[in-house]
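Since the structure comes first, as structure tokens, the remarks are kept for the end.
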């Protein structure tokens, strides 16, 4: 019969485990669990609000890791050090996969349950997530208008303004292709970093050359596939976002003032790496 893990006389196999943490760092200390687990403050009396809060808090934690990986990967691409970037981009793709599955947990909330907590949310909305906005900026989907929801937080606004003015991951990849001898229109290389990524024929032609000769451009070829994998996972996350929101609130407006599902459906048309998708039709 197994012994209770909280017994004062632990089983023999526990004898080498540290059990006294009065003078050393414990698991909870290292992870700062005291603050993390006390950061949930439901405003309504409804049981289901805890799910809503934790769903969004954990998403923000995963996005923090995404930003950590994306910024490092972008710097490696800028320096032409692609192998380290591959691991980081693969990790971001798997984080998106994790977030795709997480929607299934929120989808256990019914319309009636959400209706009970919605009045307590005010105008707070995932649309206002500054981390999500920075992820989009790093990946090339930029719009200065999307800085406005953060104007009331000068420190966040300053960070996002710096992010939108910094070349995107894809900009750095295109610059690397030019340095690798592939022909890129100088106008594309001189493009204002604050603009969103648009299709460029010279970039598509360069990627076509890479895909036609993968052994000659192996690292760029691998980078292209990492980008495709990342955007594929991102698209799945966006789609699952739409279906989860529609399942819970239908076509009601979002709390942040957007069209709700209508707005999210428009976001499904966003393409981060347009030439990489277009080139597949001409190989």
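Our numbering is plain: 1 for the first residue shown, then up by one each step along the chain.
Using N, Cα and C of the backbone, Cβ positions are placed for all residues, glycine too.
Per Swiss-Prot, substrate binding site is recorded for 52, 53, 54, 55, 56, 114, 118, 255. Annotation comment: Swiss-Prot describes 241 as heme binding site.
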Open item on the list: I'd like the number of other C-beta atoms within 10 A of the C-beta of residue 118 (substrate binding site), please.
Closed with: 17
Open item on the list: What does the structure give for the C-alpha distance between residue 53 (substrate binding site) and residue 241 (heme binding site)? Integer Å is fine.
Closed with: 16
Open item on the list: Cβ neighbours within 10 Å, counted over all protein chains: which one of the binding-site residues 56, 241 has the most?
Closed with: 241
- [ ] Could you round the CA separation between residue 54 (substrate binding site) and the residue listed as 'heme binding site' to a whole angstrom and send it over?
- [x] 16
Open item on the list: Just to be sure I understand the packing, how many Cβ atoms besides its own are within 10 Å of the Cβ of residue 52 (substrate binding site)?
Closed with: 22
Open item on the list: Between the Cα atoms of residue 241 (heme binding site) and residue 118 (substrate binding site), what distance do you get, rounded to the nearest Å?
Closed with: 18
Open item on the list: Please list, in sequence order, the residues in the chain of residue 55 (substrate binding site) that are at least six apart in sequence and whose C-beta is under 8 Å away from its C-beta.
Closed with: 102, 105, 106
